[in-house]
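The active site, charge relay system annotation in Swiss-Prot covers His78, Asp125, Ser222, and the record cites similarity to another entry as its basis. Annotation comment: Swiss-Prot describes Cys63-Cys79, Cys159-Cys228, Cys192-Cys210, Cys218-Cys246 as disulfide bond, evidence class sequence analysis. Annotation source Swiss-Prot lists domain 'Peptidase S1' at 38-270. Annotation source Swiss-Prot lists N-linked glycosylation site at Asn85. Feature annotation from Swiss-Prot assigns transmembrane segment to 284-304; the stated evidence is sequence analysis.
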Amino acid sequence: MALGACGLLLLLAVPGVSLRTLQPGCGRPQVSDAGGRIVGGHAAPAGAWPWQASLRLRRVHVCGGSLLSPQWVLTAAHCFSGSLNSSDYQVHLGELEITLSPHFSTVRQIILHSSPSGQPGTSGDIALVELSVPVTLSSRILPVCLPEASDDFCPGIRCWVTGWGYTREGEPLPPPYSLREVKVSVVDTETCRRDYPGPGGSILQPDMLCARGPGDACQDDSGGPLVCQVNGAWVQAGTVSWGEGCGRPNRPGVYTRVPAYVNWIRRHITASGGSESGYPRLPLLAGFFLPGLFLLLVSCVLLAKCLLHPSADGTPFPAPD
(Lines of atoms letter the chains of each structure in order from A; the text may use other names.)
(Lines give C-alpha, C1' and ligand atoms only; values in the text may rest on other atoms or scores of the structure.)
Protein backbone atom coordinates (compact mmCIF):
# COMPACT_ATOMS: atom_id res chain seq x y z
CA MET A 1 0.00 0.00 0.00
CA ALA A 2 1.37 3.40 -0.91
CA LEU A 3 1.93 6.14 1.65
CA GLY A 4 -1.25 8.07 2.39
CA ALA A 5 -1.45 11.84 2.23
CA CYS A 6 -0.89 12.07 5.98
CA GLY A 7 2.27 9.99 5.65
CA LEU A 8 3.63 12.22 2.91
CA LEU A 9 3.02 15.32 4.99
CA LEU A 10 4.57 13.85 8.10
CA LEU A 11 7.75 13.12 6.19
CA LEU A 12 8.10 16.90 5.82
CA ALA A 13 8.03 17.51 9.57
CA VAL A 14 11.09 18.94 11.27
CA PRO A 15 13.43 16.33 12.84
CA GLY A 16 12.33 15.08 16.26
CA VAL A 17 8.77 16.39 15.96
CA SER A 18 5.77 14.15 15.34
CA LEU A 19 2.01 14.32 15.75
CA ARG A 20 2.15 12.47 19.04
CA THR A 21 4.27 12.33 22.14
CA LEU A 22 4.41 9.43 24.59
CA GLN A 23 4.11 9.42 28.34
CA PRO A 24 7.52 8.31 29.65
CA GLY A 25 7.70 4.72 30.77
CA CYS A 26 4.95 3.06 28.73
CA GLY A 27 5.38 0.72 25.81
CA ARG A 28 9.16 0.78 25.69
CA PRO A 29 10.73 -2.56 26.69
CA GLN A 30 14.43 -2.57 27.44
CA VAL A 31 14.80 -5.46 25.00
CA SER A 32 14.90 -3.56 21.71
CA ASP A 33 14.24 -6.45 19.30
CA ALA A 34 10.82 -8.11 19.24
CA GLY A 35 12.58 -11.44 18.81
CA GLY A 36 11.79 -14.35 16.49
CA ARG A 37 8.83 -13.84 14.49
CA ILE A 38 0.33 -19.03 19.93
CA VAL A 39 -0.26 -20.58 16.49
CA GLY A 40 2.73 -20.40 14.20
CA GLY A 41 4.58 -18.24 16.72
CA HIS A 42 7.98 -18.37 18.40
CA ALA A 43 9.25 -18.15 21.95
CA ALA A 44 9.50 -14.53 23.08
CA PRO A 45 12.78 -13.23 24.49
CA ALA A 46 12.82 -12.27 28.16
CA GLY A 47 11.69 -8.70 28.73
CA ALA A 48 10.39 -8.14 25.20
CA TRP A 49 6.75 -7.75 26.31
CA PRO A 50 6.98 -6.54 29.94
CA TRP A 51 3.27 -5.66 30.18
CA GLN A 52 2.19 -9.26 29.52
CA ALA A 53 0.13 -10.69 32.37
CA SER A 54 -1.03 -14.22 33.18
CA LEU A 55 -4.49 -14.34 34.75
CA ARG A 56 -4.91 -17.46 36.86
CA LEU A 57 -7.99 -19.02 38.38
CA ARG A 58 -7.02 -20.87 41.56
CA ARG A 59 -3.38 -20.89 40.37
CA VAL A 60 -4.20 -22.25 36.88
CA HIS A 61 -3.53 -20.04 33.83
CA VAL A 62 -6.80 -19.17 32.06
CA CYS A 63 -6.10 -15.95 30.14
CA GLY A 64 -3.60 -13.29 29.22
CA GLY A 65 -3.77 -9.62 30.08
CA SER A 66 -1.81 -6.39 29.86
CA LEU A 67 -0.52 -4.05 32.53
CA LEU A 68 -1.88 -0.50 32.16
CA SER A 69 -0.43 0.94 35.35
CA PRO A 70 1.09 -0.45 38.56
CA GLN A 71 -2.37 -1.44 39.82
CA TRP A 72 -4.50 -2.12 36.74
CA VAL A 73 -4.61 -4.94 34.19
CA LEU A 74 -6.73 -5.12 31.02
CA THR A 75 -8.16 -8.45 29.84
CA ALA A 76 -11.31 -10.00 28.31
CA ALA A 77 -14.68 -10.29 30.07
CA HIS A 78 -15.18 -13.91 29.01
CA CYS A 79 -12.07 -14.86 31.02
CA PHE A 80 -14.23 -14.74 34.16
CA SER A 81 -16.79 -17.36 33.15
CA GLY A 82 -15.28 -19.72 35.76
CA SER A 83 -15.84 -17.40 38.72
CA LEU A 84 -16.74 -13.82 39.55
CA ASN A 85 -15.08 -13.97 42.97
CA SER A 86 -11.99 -11.76 42.93
CA SER A 87 -10.31 -13.87 45.64
CA ASP A 88 -10.22 -16.83 43.23
CA TYR A 89 -7.83 -15.03 40.88
CA GLN A 90 -4.13 -14.23 40.83
CA VAL A 91 -2.15 -12.14 38.34
CA HIS A 92 1.44 -13.01 37.45
CA LEU A 93 3.65 -10.32 35.91
CA GLY A 94 7.25 -10.28 34.73
CA GLU A 95 7.33 -14.01 34.03
CA LEU A 96 8.40 -15.68 30.81
CA GLU A 97 7.21 -19.18 31.68
CA ILE A 98 4.01 -20.51 33.23
CA THR A 99 5.21 -21.83 36.58
CA LEU A 100 3.85 -22.21 40.09
CA SER A 101 5.75 -19.13 41.16
CA PRO A 102 4.98 -17.91 44.69
CA HIS A 103 5.28 -14.33 43.47
CA PHE A 104 1.93 -13.05 42.25
CA SER A 105 -0.60 -10.29 42.80
CA THR A 106 -3.98 -10.85 44.37
CA VAL A 107 -7.06 -9.13 42.95
CA ARG A 108 -9.03 -6.39 44.68
CA GLN A 109 -11.84 -6.13 42.15
CA ILE A 110 -12.98 -7.22 38.70
CA ILE A 111 -14.84 -4.77 36.46
CA LEU A 112 -16.67 -6.34 33.52
CA HIS A 113 -18.11 -4.45 30.57
CA SER A 114 -20.29 -7.38 29.49
CA SER A 115 -21.39 -10.78 30.76
CA PRO A 116 -18.54 -13.30 30.92
CA SER A 117 -20.83 -15.88 29.32
CA GLY A 118 -21.26 -13.87 26.11
CA GLN A 119 -21.09 -15.77 22.83
CA PRO A 120 -18.68 -14.94 19.97
CA GLY A 121 -19.95 -11.80 18.29
CA THR A 122 -21.07 -10.24 21.59
CA SER A 123 -19.89 -6.67 22.10
CA GLY A 124 -18.01 -5.50 25.16
CA ASP A 125 -15.66 -8.44 25.71
CA ILE A 126 -13.33 -6.43 27.90
CA ALA A 127 -12.57 -6.24 31.62
CA LEU A 128 -10.40 -4.42 34.12
CA VAL A 129 -8.63 -6.07 37.04
CA GLU A 130 -7.52 -3.96 39.98
CA LEU A 131 -4.62 -5.47 41.88
CA SER A 132 -4.71 -5.43 45.67
CA VAL A 133 -1.30 -3.74 45.85
CA PRO A 134 0.53 -1.80 43.12
CA VAL A 135 3.39 -3.74 41.56
CA THR A 136 6.94 -2.42 41.44
CA LEU A 137 7.94 -1.54 37.89
CA SER A 138 11.20 -2.93 36.52
CA SER A 139 12.79 -4.02 33.24
CA ARG A 140 10.52 -7.09 33.36
CA ILE A 141 7.34 -5.28 34.48
CA LEU A 142 6.29 -2.17 32.53
CA PRO A 143 2.94 -0.81 31.31
CA VAL A 144 1.79 -0.78 27.70
CA CYS A 145 0.61 2.49 26.13
CA LEU A 146 -3.10 3.04 25.54
CA PRO A 147 -4.44 4.70 22.38
CA GLU A 148 -6.83 7.62 22.28
CA ALA A 149 -10.54 7.00 21.79
CA SER A 150 -10.41 8.55 18.31
CA ASP A 151 -7.55 6.35 17.11
CA ASP A 152 -7.86 3.73 14.41
CA PHE A 153 -5.42 1.13 13.12
CA CYS A 154 -5.39 0.85 9.33
CA PRO A 155 -5.61 -2.42 7.38
CA GLY A 156 -2.16 -3.79 6.66
CA ILE A 157 -0.54 -2.45 9.83
CA ARG A 158 1.72 -5.14 11.26
CA CYS A 159 1.27 -5.79 14.96
CA TRP A 160 2.14 -8.49 17.49
CA VAL A 161 0.06 -10.75 19.71
CA THR A 162 1.53 -12.61 22.68
CA GLY A 163 0.38 -15.34 25.04
CA TRP A 164 0.70 -18.79 26.53
CA GLY A 165 -2.10 -20.33 24.48
CA TYR A 166 -2.33 -23.41 22.31
CA THR A 167 0.29 -23.64 19.57
CA ARG A 168 -2.37 -24.99 17.19
CA GLU A 169 -5.91 -26.33 17.47
CA GLY A 170 -6.00 -29.12 20.05
CA GLU A 171 -2.32 -28.74 21.01
CA PRO A 172 -1.60 -27.02 24.36
CA LEU A 173 1.63 -25.13 24.86
CA PRO A 174 4.37 -27.71 25.64
CA PRO A 175 6.96 -27.44 28.44
CA PRO A 176 8.70 -25.25 29.43
CA TYR A 177 5.50 -23.24 28.79
CA SER A 178 7.31 -20.15 27.49
CA LEU A 179 5.56 -16.99 26.35
CA ARG A 180 5.12 -16.93 22.59
CA GLU A 181 4.79 -14.10 20.08
CA VAL A 182 3.48 -13.88 16.54
CA LYS A 183 3.28 -11.09 13.98
CA VAL A 184 -0.13 -10.39 12.43
CA SER A 185 -1.59 -7.79 10.09
CA VAL A 186 -4.78 -5.82 10.68
CA VAL A 187 -7.58 -6.91 8.31
CA ASP A 188 -10.03 -4.40 6.87
CA THR A 189 -13.46 -4.52 8.47
CA GLU A 190 -15.44 -5.37 5.34
CA THR A 191 -13.24 -8.39 4.60
CA CYS A 192 -13.62 -9.60 8.17
CA ARG A 193 -17.38 -9.13 8.03
CA ARG A 194 -17.50 -11.36 4.96
CA ASP A 195 -15.32 -13.93 6.72
CA TYR A 196 -17.79 -14.08 9.63
CA PRO A 197 -21.29 -14.02 8.11
CA GLY A 198 -24.37 -14.06 10.29
CA PRO A 199 -28.04 -13.09 10.41
CA GLY A 200 -28.43 -9.68 8.86
CA GLY A 201 -24.94 -9.70 7.37
CA SER A 202 -22.19 -10.48 9.89
CA ILE A 203 -21.64 -11.33 13.54
CA LEU A 204 -18.76 -8.86 13.63
CA GLN A 205 -19.55 -5.82 15.81
CA PRO A 206 -18.24 -2.22 15.51
CA ASP A 207 -16.08 -2.64 18.63
CA MET A 208 -14.13 -5.51 17.05
CA LEU A 209 -10.88 -5.55 15.10
CA CYS A 210 -9.53 -8.43 13.00
CA ALA A 211 -5.96 -9.54 12.32
CA ARG A 212 -4.35 -12.54 10.63
CA GLY A 213 -0.89 -14.00 10.34
CA PRO A 214 -0.28 -16.84 9.05
CA GLY A 215 0.06 -17.02 12.85
CA ASP A 216 -2.91 -16.53 15.16
CA ALA A 217 -4.03 -16.37 18.77
CA CYS A 218 -5.65 -19.52 20.14
CA GLN A 219 -7.20 -21.04 23.26
CA ASP A 220 -5.76 -19.61 26.51
CA ASP A 221 -4.49 -16.49 24.70
CA SER A 222 -7.79 -14.71 25.43
CA GLY A 223 -7.48 -11.30 27.05
CA GLY A 224 -3.91 -10.88 25.88
CA PRO A 225 -2.68 -7.77 24.07
CA LEU A 226 -2.50 -7.00 20.37
CA VAL A 227 0.13 -4.26 20.18
CA CYS A 228 1.37 -2.04 17.35
CA GLN A 229 4.48 0.13 17.40
CA VAL A 230 3.91 3.89 17.18
CA ASN A 231 6.82 6.34 17.28
CA GLY A 232 9.02 3.75 18.96
CA ALA A 233 6.54 2.69 21.64
CA TRP A 234 4.04 -0.18 21.76
CA VAL A 235 0.37 0.78 21.82
CA GLN A 236 -2.42 -1.68 22.58
CA ALA A 237 -4.83 -1.87 19.65
CA GLY A 238 -6.89 -4.83 20.85
CA THR A 239 -7.43 -7.64 23.34
CA VAL A 240 -7.72 -11.25 22.18
CA SER A 241 -11.43 -12.08 22.09
CA TRP A 242 -12.53 -14.90 19.75
CA GLY A 243 -12.17 -16.60 16.39
CA GLU A 244 -13.29 -19.69 14.50
CA GLY A 245 -10.58 -22.21 15.20
CA CYS A 246 -6.96 -21.07 15.20
CA GLY A 247 -5.09 -19.96 12.11
CA ARG A 248 -7.76 -21.18 9.68
CA PRO A 249 -7.89 -19.68 6.17
CA ASN A 250 -10.37 -16.81 5.89
CA ARG A 251 -10.99 -16.89 9.64
CA PRO A 252 -8.89 -14.09 11.15
CA GLY A 253 -8.52 -13.62 14.87
CA VAL A 254 -11.02 -11.18 16.38
CA TYR A 255 -10.00 -8.66 19.02
CA THR A 256 -11.89 -6.16 21.13
CA ARG A 257 -10.96 -2.73 19.78
CA VAL A 258 -9.27 -0.91 22.69
CA PRO A 259 -9.88 2.67 21.42
CA ALA A 260 -13.62 1.99 21.72
CA TYR A 261 -13.19 1.51 25.49
CA VAL A 262 -10.50 4.01 26.48
CA ASN A 263 -13.07 6.38 28.01
CA TRP A 264 -14.65 3.46 29.88
CA ILE A 265 -11.21 2.47 31.19
CA ARG A 266 -10.46 6.04 32.29
CA ARG A 267 -13.83 6.41 34.01
CA HIS A 268 -13.46 3.26 36.11
CA ILE A 269 -9.85 3.87 37.06
CA THR A 270 -10.59 7.40 38.27
CA ALA A 271 -13.79 6.28 40.03
CA SER A 272 -11.72 3.76 41.99
CA GLY A 273 -9.40 6.44 43.30
CA GLY A 274 -6.82 6.42 40.54
CA SER A 275 -5.76 9.51 38.64
CA GLU A 276 -5.74 9.98 34.90
CA SER A 277 -1.96 10.09 35.12
CA GLY A 278 -2.03 6.72 36.82
CA TYR A 279 -2.08 4.86 33.52
CA PRO A 280 -0.22 5.58 30.29
CA ARG A 281 -1.86 6.97 27.19
CA LEU A 282 -0.84 8.90 24.07
CA PRO A 283 -1.80 12.59 24.45
CA LEU A 284 -1.81 14.83 21.40
CA LEU A 285 0.88 17.48 21.36
CA ALA A 286 -0.57 20.73 22.65
CA GLY A 287 1.81 23.12 20.96
CA PHE A 288 5.44 23.91 20.13
CA PHE A 289 4.88 23.80 16.37
CA LEU A 290 6.39 26.13 13.83
CA PRO A 291 3.68 27.97 11.85
CA GLY A 292 4.49 26.13 8.62
CA LEU A 293 4.51 22.76 10.36
CA PHE A 294 1.22 23.56 12.03
CA LEU A 295 -0.43 24.06 8.63
CA LEU A 296 0.95 20.74 7.43
CA LEU A 297 -0.36 18.94 10.48
CA VAL A 298 -3.82 20.46 10.09
CA SER A 299 -3.88 19.25 6.50
CA CYS A 300 -2.80 15.83 7.67
CA VAL A 301 -5.67 15.59 10.15
CA LEU A 302 -8.17 16.61 7.47
CA LEU A 303 -6.89 14.10 4.93
CA ALA A 304 -6.02 11.13 7.10
CA LYS A 305 -8.48 8.38 7.95
CA CYS A 306 -6.36 6.40 10.35
CA LEU A 307 -3.83 6.89 13.10
CA LEU A 308 -1.24 4.91 11.17
CA HIS A 309 -0.74 4.77 7.43
CA PRO A 310 1.25 1.72 6.35
CA SER A 311 4.21 1.97 4.06
CA ALA A 312 4.56 0.03 0.86
CA ASP A 313 5.33 -3.22 2.69
CA GLY A 314 2.48 -2.79 5.17
CA THR A 315 4.53 -1.59 8.15
CA PRO A 316 4.02 1.79 9.87
CA PHE A 317 6.42 4.44 8.69
CA PRO A 318 8.78 5.49 11.48
CA ALA A 319 8.88 8.81 13.26
CA PRO A 320 11.40 11.28 11.88
CA ASP A 321 14.88 10.87 13.34
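Any Cβ shown, glycine's included, is placed from N, Cα and C.
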Expressed to the nearest Å, what is the distance separating His78 (active site, charge relay system) and Asp125 (active site, charge relay system) at their Cα atoms?
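Between the alpha carbons of His78 (active site, charge relay system) and Asp125 (active site, charge relay system) there are 6 Å.
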Between Asn85 (N-linked glycosylation site) and Cys210 (disulfide bond), how many Å separate their Cα atoms?
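Asn85 (N-linked glycosylation site) to Cys210 (disulfide bond), Cα-Cα distance: 31 Å.
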For Asp125 (active site, charge relay system), which of the three DSSP-derived states applies: helix, strand, or coil?
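The residue in question, Asp125 (active site, charge relay system), is coil (DSSP, three-state).
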Could you check the recorded positions Asn85, Ser222 and say which one's CB has the fewest neighbouring CB atoms inside 10 Å?
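Comparing Cβ neighbours within 10 Å for the recorded positions Asn85, Ser222, Asn85 has the fewest.
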What Cα-Cα separation, expressed in whole Å, is found between Cys228 (disulfide bond) and Ser222 (active site, charge relay system)?
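Roughly 18 Å, rounded to the nearest whole number.
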So of all those recorded positions, Cys192, Cys210, Ser222, Cys246, which one's Cα sits nearest to Cys63 (disulfide bond)?
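Going through Cys192, Cys210, Ser222, Cys246 one by one, the Cα closest to that of Cys63 (disulfide bond) is Ser222.
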Between Cys246 (disulfide bond) and Cys159 (disulfide bond), find the distance joining the two CA atoms and give it rounded to the nearest Å.
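Distance (Cα to Cα, whole Å): 17 Å.
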